[in-house]
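Feature annotation from Swiss-Prot assigns domain 'EngB-type G' to 22-193; the stated evidence is sequence analysis. What Swiss-Prot records for 30-37, 57-61, 75-78, 142-145, 174-176 is GTP binding site, and it gives sequence analysis as the kind of evidence. If you look up Swiss-Prot, you'll see Ser37, Thr59 marked as Mg(2+) binding site.
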Amino acid sequence: MKVTNAEYMASAYLSSQFPSEMYPEISFIGRSNVGKSSLINTLINRKNLAYTSKQPGKTRTINFFLINKSLYFVDLPGYGFAKVSKTMQKDWEQLVNAYLSQRNTLKLSILIIDGRHGPKDADIDMFDYLLDFERPVLLVATKMDKVKANKRKQRITEMRSALELDQDDELITFSSATGEGKNELWQIIEDLL
């Protein structure tokens, strides 16, 4: 898809702040600092539309970005960051649950995993949780440019095994630095719209 327009639309601390359901939505979810915002920025050919930070836990709201005035990219707060209060973690969980359970226009949830390290227990739990909603889930392994070429096949096999993926289940390898996986990811998104 050629992105001709991408704009920030809203940040929601509460489900009542979600924009109206006018367009199909693609959600992006993953642990803190796995590269969610960088992935979004790479897909839309912008450097700073989705805020990136080296400090984990910066995305504390659900952020909606309107793409080509026809599609929302939805950046969900990162999970698994221990340096926030239990109350804040619970608030994030409730907000994300409200989003995932209420949005009729949600077409795909993209679960982002750090390809350098593979899935952590929290990633496996999130994958199972997303599957409970009976909507499409796509796995994307980011930062693959940092995995040595002679270790990539082994890393992908390990990720597929840890997540108990079937042969037909897709796992996209992605790099914001090189653009690897960008076209493949866009093709999957376009096929769902």
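Using N, Cα and C of the backbone, Cβ positions are placed for all residues, glycine too.
Long-range C-beta contacts of Thr61 (GTP binding site), restricted to its own chain and to partners at least six residues apart, with a cutoff below 8 Å, comprise Ser11, Ala12, Tyr13, Pro77, Leu95. Thr61 (GTP binding site) falls within neither a helix nor a strand when secondary structure is assigned with DSSP, and so counts as coil. Closest by Cα distance to Ser37 (Mg(2+) binding site), from the binding-site residues Gly30, Lys143, Phe174, is Gly30. Sequence-distant neighbours of Phe174 (GTP binding site) (same chain, 6+ apart, CB under 8 A from its CB) are Gly35, Leu39, Thr42, Gly115, Val140, Ala141, Thr142, Met144, Glu180, Gly181, Lys182, Leu185. For the domain 'EngB-type G' (22-193), the mean pLDDT of the prediction comes to 89.
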